[in-house]
Amino acid sequence: MVDLRALRSNYRALAKVVGRARVAGIVKADAYGLGIAQVVPALTAEGCDTFFVATADEGMATRRAAPDARIFVLNSLFSEDAAALFASQRLTPVLNGATDIALWERHCAKPGTDKSCAIQVDTGLNRLGLTVPQAIAYAADNALTRAIEPVLLMSHLACGDERDHPLNRKQLAAFNAVRAAFPGVAASLANSSGLLLGREFHLDLVRPGIAVYGGAPSSSVTMKTVVTAEARILQVRRAQAGDVVSYGATQVLERDSLIAIAAVGYADGLLRSSSGSGVPMRALRPGGFGAIRGQRVPILGRVTMDLTMFDVTDLGPDTVLPGNFIQLFGPDLPIDEAASAAGTIAYELLTGLSRRYTRFHVGIDEATGA
């Protein structure tokens, strides 16, 4: 279930934190797996008019949902045909290097072309973007600045979720040096956790992703639950102390047990690293859980492709039945805790939910105004 009312509430809460800065909608990976067609109208209803996607296909899907929005595409240009597609769909490219800039410059030489673009600067992540010296040099190139029209400078924090990490201030200083070379161009640096680092990180536009979708941007902030992932229980069986559970016989029962077998596995996005035993992650932290009627029940043995076993002994006999549902994350099991048990982050759990899940969106009338 996807609660669009909670999503809108999270967006509003973040907008209050950043004050005058605008809040973009990050809808790459099909809105973190929740559906561009549903999420974009919900954010638009809250006044969001700027979106970021990874690919042109995602950009076109977002354009259908938000005809008047500014849509930035993050993953570079690859050809002049791509530049023409961006123009036809009114998508704004994020230029990540000299090749991108050259392609866009050639495209913009055509009469009547919208020359708008964003320029990404790498300030310490060593991912995409111009180096700081490259960006400053481009700003000084009068011919180039006349050929294209940057409407946004952007960079990305490497350690925004670590409030006191020295790289945060180092990146901010480097980015501010680039901003000074591009007077009048809007700037964006902060993601979900970065916007909590202080007002100086907000600049003109913030780009919260996981926080809007219900993930905690820091341990001090709680967002409303947007996604509840559940699986149907197919069978409940009794097993005796000493019996083994799942592949590899790595889980040996220490007591007589009730085992619920749920129709979910790693093919659905329940990571094998969540297994109760038999995977390297168990040397580092406890195994994963589900939740039934608010009570947590541990995973037994290895998660398999389509099925996972849960220990429901403590719920008592005849209280868990085939056809009941078990919560994998949601109100009774926060997504960040479920991610931690798997040794990962909430981003991976959301974007990894397979198409085998049926996605129910609630609050959709409020989102669309229909």
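Every residue, even glycine, has its Cβ placed from backbone N, Cα and C.
Small disclaimer: the values here were computed from a predicted structure and weren't measured.
Marked as active site, proton acceptor by TrEMBL: Lys28 (among others). For Lys28 (active site, proton acceptor), the same-chain residues that are 6 or more apart in sequence and have a Cβ closer than 8 Å to its Cβ are Phe52, Val53, Ala54, Thr55, Glu58, Leu74, Gly209.
Annotation for Tyr247 (active site, proton acceptor): spatial neighbours Gly278, Gly301, Arg302, Thr304, criterion Cβ-Cβ under 8 Å with sequence separation of six or more. The feature active site, proton acceptor is assigned by TrEMBL to Tyr247 (among others).
In the three-state DSSP assignment, the secondary structure recorded for Met305 (substrate binding site) is coil. Positions annotated as substrate binding site by TrEMBL: Arg127, Met305.
According to TrEMBL, the feature domain 'Alanine racemase C-terminal' maps to 226-362.
Feature annotation from TrEMBL assigns N6-(pyridoxal phosphate)lysine to Lys28.
Residues in the domain 'Alanine racemase C-terminal' (226-362) partition by DSSP class (helix H, G, I; strand E, B; coil) as 26 helix, 45 strand, 66 coil. Neighbours of Arg127 (substrate binding site), defined as other CB atoms within 10 A of its CB across all chains, total 11. Non-local neighbourhood of Met305 (substrate binding site): Gly265, Tyr266, Ala267, each in the same chain, at least six residues away, with C-beta under 8 Å from its C-beta. Taken residue by residue with DSSP, Lys28 (active site, proton acceptor) is part of a helix.
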